[in-house]
C-alpha cells in the first residue's frame with residue numbers, strides 16, 4: 001500500500017462494497033461500522049508462518065479490545081503479507097462476540113481477489129459450506145463458495161437460509177446511518193446551503209446550482225417536487241397524486257420547491273367493500289385476498305380462520321414470538337391472525353421461500369387458502385403479505401389491531417358529516433379536506449377544495465405536461481382543423497357559384513307546336529325486406 005493511509009481506507013471501503021454487492025443476492029447487506037488501521041505498530045504479532053495462527057491472535061485481540069470499544073457482528077483482518085497455509089481463514093459464526101472473525105492476505109493493488117476471499121470467509125460465517133459439483137451460480141460452476149467469483153450458488157442460498165432460520169437474530173438489525181461530515185459537495189442540502197449539486201464535475205451540467213452550493217443567477221430552486229427548470233411550480237400544481245381512495249393529493253403553493261407532507265384520509269374513514277381506511281390504505285379482506293390470489297379469490301368464512309389460526313404454527317397464528325415459535329390465536333381473535341381465502345383458481349407468483357397452504361374442511365366441503373411466514377424470512381427482505389392488515393374489520397364496530405380484535409373506537413374516528421358540511425373528508429390531522437368547489441377549513445364557503453395542510457389546489461388542478469407528445473398533438477390538431485376550414489370554404493364557394501349560375505341563366509323557347517303526349521310514370525318496385533328471425537344459441541359457460 002506504500003504507506004498511503006488514504007489509499008488503505010479507500011481500498012477497505014471499496015472491498016466492503018464489493019462484498020456487499022455479492023451478498024445482496026441473498027438479501028443481506030454489509031455495513032462498514034468502523035475501520036482501524038495500524039500505522040505505527042502492529043497490535044498483534046504477524047510473524048507467524050501460517051495465517052491461521054495470526055487469525056487466532058486477532059480473535060483474542062477482538063474479544064479483549066475491539067468488542068469493548070465497538071461491538072459488531074463480524075470483524076475481518078487484512079494483512080499485507082503472504083502465508084504458507086492459505087490466503088484467507090475464518091472461525092465461528094456471526095452474531096457472537098466471542099472468538100469469531102476472519103483474516104485474509106492483501107498482496108497487491110488488485111482488490112477484487114481479496115474482496116472475493118473475504119466474501120468467501122464471511123459466507124462460512126453465515127452458514128455457507130463449500131460448493132460441490134452440482135452447485136451452480138448464474139449458469140456457471142465457479143461460484144464464491146468454490147473457487148470463483150460469479151456470485152453465490154444455489155447450494156449457498158440453501159445453507160444461508162437454513163442458518164438464518166436457526167437463530168442468527170443479529171442479521172435482523174438494520175444499522176442506522178453512520179456519521180456524515182457536513183460539507184458542500186455531498187449532494188445533501190445542509191444548514192445554510194441553497195443547493196448541492198455534488199462535485200465540481202457534476203455541477204458543470206447542473207442548470208440551477210453552482211459548485212459553491214449557491215443557486216445560479218435567476219434560479220429559484222434546484223430540487224424538489226415543486227421545482228421545475230429552476231423555477232417554482234405554480235400554485236395549485238399537483239405535486240403528489242392520490243395513490244388510492246384513502247389517499248389525498250398535495251399541491252404546490254407557488255413560493256416553495258417543497259411539496260407538503262403526505263396526508264391521507266383519517267383512520268376509520270369508510271372505503272369500498274365494507275372496508276376502513278387505515279394508514280393510507282383501504283383495509284378489506286376481499287381486496288387483500290385478491291391482491292395475493294388473484295381477482296377470483298374471495299374472503300373465507302370464519303370457520304377457516306378458526307380451523308387454521310387456532311393451531312399456532314407458521315401458517316396459522318396471531319404472533320411470531322421467535323425462531324420457530326408462534327402464538328396461537330384466541331377464538332375471538334382468530335379472524336385477525338393469518339388471512340384465509342377461498343375460490344382460489346391459480347397459484348400466485350410470490351417471492352422465493354414463500355409457502356402457500358390449503359386446508360380442506362371436510363364437513364363444510366371448503367378449501368381454505370393462506371400463506372406461511374417465519375422470522376428467518378425478515379432478513380431476506382420478504383414481506384409478510386399473508387397476515388391480516390391492521391384496520392381490517394372483524395365484526396360490527398370491531399377492528400383488527402396487532403392481531404387482536406378490538407373496539408373500533410381505538411381508531412378515534414370522529415369525522416362526522418357535519419364537521420365538513422358534508423362536502424369533504426377528514427385527513428390524518430383531523431382537518432377537513434374539501435371537495436372541489438368548497439374552501440378549507442370547514443368546506444362552508446366556496447373555493448377550490450383541499451385542506452389547510454395540502455396546499456392550495458387553485459382554480460386549475462390539472463397538471464400541464466411539458467413533454468413532446470401534447471405539443472405534437474396540438475400542432476397536428478391545428479393543421480387538420482386548418483385543412484378542414486380551407487376545404488369547407490372551397491366547397492362553399494363552388495356551391496355558391498353553381499347556384500348563382502342556375503339562377504341567372506333564363507330558359508330558351510323555340511317556336512313549334514307542342515305535342516302533348518301522355519306521360520307514363522312507372523313506379524319502381526320496392527324492395528321487400530323481410531327480417532329473418534335469428535336462431536338463439538345456447539352457450540354454456542364451462543367452469544374449470
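Backbone N, Cα and C atoms are what each Cβ position is placed from, and that goes for glycine too.
These features come from TrEMBL:
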type     : residues      : note
DOMAIN   : 1-175         : domain 'Peptidase M12B'
BINDING  : 120, 124, 130 : Zn(2+) binding site
ACT_SITE : 121           : active site
DISULFID : 239-259       : disulfide bond
DOMAIN   : 411-444       : domain 'EGF-like'
DISULFID : 434-443       : disulfide bond
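On the structure: features taken from TrEMBL.
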residue	record	Cβ contacts under 8 Å, 6 or more apart
120	Zn(2+) binding site	88, 144, 145
121	active site	76, 88, 89, 90, 102, 103, 104
124	Zn(2+) binding site	90, 102
130	Zn(2+) binding site	145, 146
239	disulfide bond	225, 226, 233, 250, 251, 252, 259, 260, 455
434	disulfide bond	420, 423, 424, 440, 443, 447, 449, 450, 451
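Predicted-model confidence for the domain 'EGF-like' (411-444) is 94, expressed as mean pLDDT. A Cβ within 8 Å of the Cβ centre of 120, 124, 130, the residues given for Zn(2+), is found for these other residues of the same chain: 90, 121, 123, 128, 129, 144, 145. The DSSP breakdown of the domain 'EGF-like' (411-444), given as helix, strand and coil counts, is 5 helix, 8 strand, 21 coil.
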